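Sharing a structure below in structure tokens format, with a few things to ask.
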Amino acid sequence: MSRAMVAIVGRPNVGKSTLFNRILKRRISIVEDIPGVTRDRIYGNAEWLNRKFILVDTGGLDPDPKDVIFSKVKLQVEAAIEAADLILFVVDAREGLVPEDEEIANMLRKTKKEVILVCNKVDSFKEMPASFYDFFKLGLGEPIPISASNGLGIGELLDEVIKRLPENDVEYEEETIKIAVIGRPNVGKSSLVNRILGEERVIVSDIPGTTRDAIDTPFTKDGRNYILIDTAGIRRKSRISESIERYSVLRALAAIERADICLLMIDATEGPTEQDTKIAGYAFENGKGIIILVNKWDIVEKDSNTYKEYTEMIREKLAFISFAPILFISAKTGQRIHKVLETVDKVWEEYNKRITTGLLNNVLNEAMLMFPPPSSKGRPIKIYYATQVGTKPPTFVIFVNEPELLHFSYVRFLENTIRQNFGFEGVPIVISTKKRGED
């Protein structure tokens, strides 16, 4: 089940990032010790009253304080409107109503999105500042007063957020593979989608979806059901310039959240970019299957070493997803497109694979005999056993005497051992450690 997306918008310096951090507290997931995974977080997983949602901070999209002009604010709002289910429009009670607030409100009123007007920097509810009442003029309902810096009113705001969130999406059948095509603008996502749907034996369903599902295309091939989450379809509805790459992560995030397997498209003429790394990092952190598609391979000048050199470059720049298979394709000519769904099927099998506890421990015990876990601070580390506790992605728990002493590098060694013996190509592996006797 996918989570709704809530975007915080507003002009600069009204407290968007402060509100973002206040709601998330320590919930932001940052992967440590993995080179290439960005840490400049613009989104986080939030929860209130047992309802989970994604929170997006548009304030983090343009960190350049020298370029605070309304055109940038407008792009932030448009990006949020495009991807979000609910908008938190933040205004500043101390500064009062300003023309930029009215411009943003005009844009929001023209949309069909739910909007909550949030009046920040209200330090006391006993006596509202006179400026508070001016915000009623925006025509977006009664403002909710808060102080993001001290937490005043945050609970009431989140109560309202939960009331306004859309009902959960319709769930597809368990065996339906949800595929997201992700990547930077103009990398060929639309062409790939059209190629896949135009393949022989692909039957596209004509079942209409909900508003949010309108960009989903159900189809079958050889008796297997798929859902193609078409981020290119979102783009066609957008007024956002495709040259504004920093905003494309919102589109990718919405698709990644709902997918099982992500097709990360890279432009062969440019190679992996920082933006590719960021999008890949989102997919990795969300535990999705990943296949790297190097598109426009037909126009790359090649010699006998080109394939090898290009593969090595991708592995170096996207080292944290070294498990992902790489396909060199051309969406324009159809080169190797037939391999895409074949690889999706293989990754799906790996995504759902289970290893018996007995077999898993036989392999790990043999590896630990050859390379025992090093002691830490003079204290020996004992690994008792491991077991697989979940799939999609494959998730393992290792029971030890002192979990905090087991270095991440040894956990990485155990992960590599699992991969060498059991495969899991195309999927991340999640490993946690627990003290024996813990639930």
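Backbone N, Cα and C define each Cβ position, glycine as well.
Swiss-Prot feature annotations, pasted as is:
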type	residues	note
DOMAIN	4-169	domain 'EngA-type G 1'
BINDING	10-17, 57-61, 120-123	GTP 1 binding site
DOMAIN	177-352	domain 'EngA-type G 2'
BINDING	183-190, 230-234, 295-298	GTP 2 binding site
DOMAIN	353-437	domain 'KH-like'
For a quick check of packing: other C-beta atoms within 10 Å of the C-beta of Trp297 (GTP 2 binding site), how many?
22
Within 10 Å of its Cβ, which one of these binding-site residues (Asn13, Thr58, Asn186) has the largest number of other Cβ atoms?
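Selected residue: Thr58.
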Should Gly183 (GTP 2 binding site) be counted as helix, strand, or coil on the basis of DSSP?
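Once the DSSP labels are grouped into three classes, Gly183 (GTP 2 binding site) ends up as strand.
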How many Å separate the Cα atoms of Gly10 (GTP 1 binding site) and Lys189 (GTP 2 binding site)?
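Checking the Cα atoms of Gly10 (GTP 1 binding site) and Lys189 (GTP 2 binding site) gives a distance of 31 Å.
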Please give me the CB contact count at 10 A for Gly10 (GTP 1 binding site), counting all chains in the structure.
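Total other Cβ atoms inside 10 Å, all chains included: 27.
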Check the DSSP secondary structure of Val122 (GTP 1 binding site), expressed as helix, strand or coil.
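Going by the DSSP assignment, Val122 (GTP 1 binding site) belongs to neither helix nor strand, so it counts as coil.
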How big is the Cα-to-Cα gap, in Å, between Thr58 (GTP 1 binding site) and Lys189 (GTP 2 binding site)?
24
I'd like to confirm something. Which of the binding-site residues, Asn13, Lys16, Val122, has a Cα closest to the Cα of Asn186 (GTP 2 binding site)?
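Among Asn13, Lys16, Val122, Lys16.
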Taking the Cβ of Lys189 (GTP 2 binding site) as the centre, count every other Cβ atom within 10 Å, in any protein chain shown.
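Within a 10 Å radius of the Cβ of Lys189 (GTP 2 binding site) lie 26 other Cβ atoms.
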Determine, using Cα-Cα distances only, which of these binding-site residues is closest to Lys189 (GTP 2 binding site): Asn13, Lys16, Val122.
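Nearest by Cα distance to Lys189 (GTP 2 binding site): Lys16.
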